[in-house]
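Worksheet: one structure, shown below.
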Amino acid sequence: MMAATVVSRIRTGTRWAPVLWLLLSLVAVAAAVAAEQQVPLVLWSSDRDLWAPVADTHEGHITSDMQLSTYLDPALELGPRNVLLFLQDKLSIEDFTAYGGVFGNKQDSAFSNLENALDLAPSSLVLPAVDWYAISTLTTYLQEKLGASPLHVDLATLKELKLNASLPALLLIRLPYTASSGLMAPREVLTGNDEVIGQVLSTLESEDVPYTAALTAVRPSRVARDVAMVAGGLGRQLLQTQVASPAIHPPVSYNDTAPRILFWAQNFSVAYKDEWKDLTSLTFGVENLNLTGSFWNDSFAMLSLTYEPLFGATVTFKFILASRFYPVSARYWFTMERLEIHSNGSVAHFNVSQVTGPSIYSFHCEYVSSLSKKGSLLVTNVPSLWQMTLHNFQIQAFNVTGEQFSYASDCAGFFSPGIWMGLLTTLFMLFIFTYGLHMILSLKTMDRFDDRKGPTITLTQIV
């Protein structure tokens, strides 16, 4: 990580442990923050006292663009006018942890030249997590502050340049990074980048040119785990397998001059003669999905999905919807008239009239299926060889704006099994309470042996 480079400045064993533990805690915290939005930044200069110790590198802190400008302004105004920007394609603080030799294996470090530069630099600053937006505008910011255009250089062109301490210069050195196990391993690439940094700095030092250098990346090379990793403890997470989040595919969109019909389902499965096929991956997120036959107008719409081959034939699914005005509610309502499955010249019809709602809304239902155990919203008048199940089904064919669904009218009725259970339980408890209250109010004093008109009962005490 970024902080691992600072560790190299501490040579004695007595000072190693506390600093190492502090920096490793920064690694754990930065790994828990959304790393796809932050990259590390290392700054060092040949001038002294350009940066005060950073007080904001506490747990979870991310350096914003405004904070970064407060760190850079003193160096650009008071420091050397020659600025080097080592810009890597990908870099994360985890790279410094994995390949920086922070556990004492200094001979295996892939950042030996960078660590040596930080050791010898009179001024340095390490920011483990900088906001991606701040880094994306860093080159433009440096250009405005220095008043010099960025010059892309390599080792060959750098040796030919004659830098002047009084004239501003912004030198941009691009460093590659390969995170895959392709032609080169990440350690080899990082080591090669570190050698480039060492050669560039050696060239400047040989010419006795003062400079300020920065190392950062365009984007992170790794994606950190969830923030819950810190709250739950790192120890238990080390051997656990990270569960991949399910991919969210975009809805099917039928367009003529604008998006007209939107259709989405988390799972789209069809069966013919009890042989099931999952059409989800063939339907959503597919650029060349066959929508031939689809059409739309203000009162009628049809979404036609054609697959070939499917069950050994060309199969077309047609979702037919209509929008009508109802005077009672004084608004337009849409209804899915039917669902048709065309195959080998035959047509299977399903009645889907329960798929309905105001035309300004979309329709959503957890299950739209021909199976009885999943609601049977797809109803056929005659026995059919076809079955269909749509999980988390959503459709909108009228008043579509852009590629997003409107507010959804859900199929869940008010008197669901859970609601019935709650109502019956409440009524039963209310009956018990009413009966108990009635019994309490019906209590009477025991006056059976108390005759107020008769003689007084006298009890003689016998000793």
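Yeah, the Cβs are placed from backbone N, Cα and C, and that goes for glycine too.
Per Swiss-Prot, these features apply:
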CARBOHYD  Asn164  N-linked glycosylation site
CARBOHYD  Asn255  N-linked glycosylation site
CARBOHYD  Asn267  N-linked glycosylation site
CARBOHYD  Asn290  N-linked glycosylation site
CARBOHYD  Asn297  N-linked glycosylation site
CARBOHYD  Asn344  N-linked glycosylation site
CARBOHYD  Asn351  N-linked glycosylation site
CARBOHYD  Asn399  N-linked glycosylation site
SIGNAL    1-32  signal peptide
TOPO_DOM  33-412  topological domain 'Lumenal'
TOPO_DOM  434-463  topological domain 'Cytoplasmic'
TRANSMEM  413-433  transmembrane segment
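Sequence features, as recorded in Swiss-Prot, placed on the structure.
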residue : record                      : contacts (Cβ under 8 Å, 6+ apart)
Asn164  : N-linked glycosylation site : none
Asn255  : N-linked glycosylation site : none
Asn267  : N-linked glycosylation site : Asp278, Thr280, Thr389, Leu390, His391, Asn392
Asn290  : N-linked glycosylation site : Leu305, Thr306, Tyr307, Glu308
Asn297  : N-linked glycosylation site : none
Asn344  : N-linked glycosylation site : Ala313
Asn351  : N-linked glycosylation site : Arg338, Leu378, Val379, Thr380, Asn381
Asn399  : N-linked glycosylation site : Ser359, Ile360, Ser406
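Under the three-state DSSP scheme, Asn399 (N-linked glycosylation site) falls in the coil class.
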